[in-house]
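A.B. asks: Structure in structure tokens, see below.
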Amino acid sequence: MANSTPLLSQPNSAESESTPPPLEKHHPSLDSSIERYIGDFGWAQFFQILLVSFAWLFDAQQTFISVFTDAYPTWHCTSHQLGCNSVSNICFIPKNSWAWDWPSYTSIISEWNLQCSSSIITGLPASSFFMGCLVGGLVLATLADSSLGRKNMLFLSCLTMSLSSLLTVFSTNIWAYSALKLVCGFGRATIGTCALVLTIELVGKRWRGQVGVIGFFFFTIGFLSLPAIAYWNKGSSWRSLYLWTSIPGILYSMLVHFFVCESPRWLFVHGRKEEAVAILKSIAPPSHSGGSTLSFSGVSFEQETWHNGNVYSTITILVQKKWAFLSPVMVIGFGIGMVYYGMPLGLGNLPLNLYLSVTFNALSEIPSSLFTILLIGKLNRKFSVLAFTTISGIFSVMCALKGKEWTRLQIGFELVSFFSACFAFDILLIFTIELFPTSVRNSATSLVRQAFVFGGVFSPMLVAAERRNGISSYVVFGLVIGCCGLFAACLPETRGKALCDTMDEEEHREKVACNEVGDVLA
């Protein structure tokens with residue numbers, strides 16, 4: 001029976017193994033063909049992008065919730081006759097000479113009597129969360145590129161994260177709490193990556209940067225909602241924060257399952273052409289949505305021959321290929337991650353109001369996202385990452401300056417450093433997506449985010465060590481991001497370049513570029 005839907009023409013299998021993808025000037029590529037139908041921006045695309053970007057909001061809440069639930073509570077002396085004063089160490093004075101300012105159930109520190117525990121123990125829940133993100137990213141990295149797809153991976157990740165967060169309210173000790181934080185981090189690992197890749201693959205290259213930044217705005221809203229929820233529940237159990245953030249996340253997961261579309265690019269790469277064409281018809285702007293205009297016949301297309309869905313083989317291939325540049329991008333991600341996750345956690349060590357400080361940090365993400373939206377089309381990716389990691393490093397080191405004259409300036413230094421790290425992070429994620437083809441884009445972006453999270457693994461312990469031993473975490477943050485940012489000099493510029501869909505196509509483009517350079521030199 002003849003197929004009524006015009007699809008991509010499949011090249012002869014023998015030819016596809018020996019012949020590289022033809023140049024776009026001879027036959028239209030998959031990228032250029034999709035570009036014709038979703039290059040403009042329609043309401044259906046806008047709805048999909050908003051719905052997918054909401055995942056970032058819940059991602060942010062679970063990422064930074066420990067700033068309040070694991071905070072070191074304030075206390076006061078109940079008797080000054082037993083050596084208690086405002087500068088005393090409560091671990092060395094009698095328990096009956098002091099008391100917490102708020103009920104013990106407002107923080108895990110006071111509820112489980114962890115005030116005198118080592119920095120490893122008090123930092124364990126937050127570090128467990130980031131370790132879960134790291135493991136989840138490595139284990140789940142290629143599933144969105146191989147068997148599950150972007151949509152299903154996003155749904156399962158959101159559901160796992162939200163359910164484990166809900167179960168956290170039943171924790172009875174630090175060990176059960178840390179174990180559930182590990183599971184929460186494991187589920188959360190691919191949320192940002194899947195959401196970012198899916199939104200960018202639903203639009204044409206003209207809108208890639210702007211659409212990618214929408215997710216960052218939702219992340220900011222999620223971050224900003226935490227101090228509001230925490231302040232509203234001030235004096236209540238730390239468990240209430242998990243209830244307020246996990247239940248909406250579970251409901252959102254259901255919306256993803258029923259209303260979000262799969263990436264048409266991913267469907268094409270995996271041979272599911274009819275589904276891809278149907279989705280393109282549903283999201284294309286009205287001027288391109290007619291069935292007679294949506295034809296992919298004559299488009300030359302190959303399915304991936306390099307990628308087999310295994311994370312280790314993917315890493316090996318990406319490390320070996322000269323065009324991939326995976327290692328320097330991951331190093332940069334590590335440095336930015338240490339500052340991005342560490343600075344909000346370290347706010348409790350500064351002589352500032354915790355609620356206001358976290359609010360200011362969350363608000364600083366808004367201008368960074370706005371700048372990205374307005375300037376992404378004009379900014380050189382490589383220079384931007386290099387410049388803003390350097391600025392972040394310098395101001396992070398300046399946060400360590402001591403003395404009364406520096407107290408008011410510390411929050412300013414911290415905000416400039418955090419803003420610069422946010423801006424560098426936004427640019428780096430879009431940079432990463434432009435560097436890698438569709439078949440491994442989610443895997444590569446996920447690996448970069450895991451390097452980002454790996455930097456966050458060390459942040460809670462550095463912050464706890466500063467609280468107990470006086471070692472400035474901000475100096476460490478600044479030195480690390482400054483040194484790691486230098487690796488941006490190794491990367492090629494990607495602004496305005498077309499996206500490739502397979503590694504074969506990327507390989508062919510690299511060979512053509514090398515040949516052109518050789519011709520010029522000759």
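Each Cβ is built from the backbone N, Cα and C atoms, and glycine gets one as well.
Summarising the annotation, TrEMBL assigns compositional bias 'Polar residues' to 1-18. Per TrEMBL, domain 'Major facilitator superfamily (MFS) profile' is recorded for 48-496. Look at TrEMBL and you will find 1-27 tagged as region 'Disordered'. The annotation transmembrane segment is assigned in TrEMBL to 120-141, 153-180, 186-204, 211-229, 241-260, 323-342, 354-376, 383-403, 415-435, 447-465, 471-491.
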A.B. asks: Which of 186-204, 241-260, 323-342, 471-491 shares the most C-beta pairs under 8 angstroms with the transmembrane segment (415-435)?
C.D. replies: 323-342
A.B. asks: Below 8 angstroms Cβ to Cβ, which residues of this chain, lying six or more residues outside the transmembrane segment (120-141), approach it?
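C.D. replies: Answer is 62-63, 66, 70, 72, 108-109, 114, 153, 157, 174, 177-179, 181-190, 193, 311, 314, 341, 345, 442-443, 446-447, 449-450, 453-454, 456-461, 463-464.
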A.B. asks: Are the transmembrane segment (354-376) and the transmembrane segment (471-491) close enough that 3 or more Cβ pairs fall under 8 Å, when only pairs 6 or more apart in sequence count?
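C.D. replies: No, since the transmembrane segment (471-491) and the transmembrane segment (354-376) share fewer than 3 Cβ pairs closer than 8 Å, they do not count as touching.
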A.B. asks: Which residues of the chain, 6 or more past the ends of the transmembrane segment (186-204), have a CB below 8 A from one of its CBs?
C.D. replies: 34-35, 38-41, 45, 48-49, 52-53, 55-56, 58-59, 62-63, 129, 132-137, 139-141, 143-144, 150-151, 153-154, 156-164, 211-212, 214-215, 219, 260-261, 263-266, 283, 429, 433, 438, 441-442, 445-446, 449-450, 453
A.B. asks: With Cβ-Cβ distances below 8 Å as the criterion, list the same-chain residues six or more beyond the ends of the transmembrane segment (354-376) that contact it, or say none.
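C.D. replies: Tertiary neighbours of the transmembrane segment (354-376) are 64, 67-68, 71, 209-210, 212-213, 216-217, 219-220, 223-224, 226-227, 230-231, 343-344, 347-348, 411, 414-415, 418-419, 422-423, 426-427, 430.
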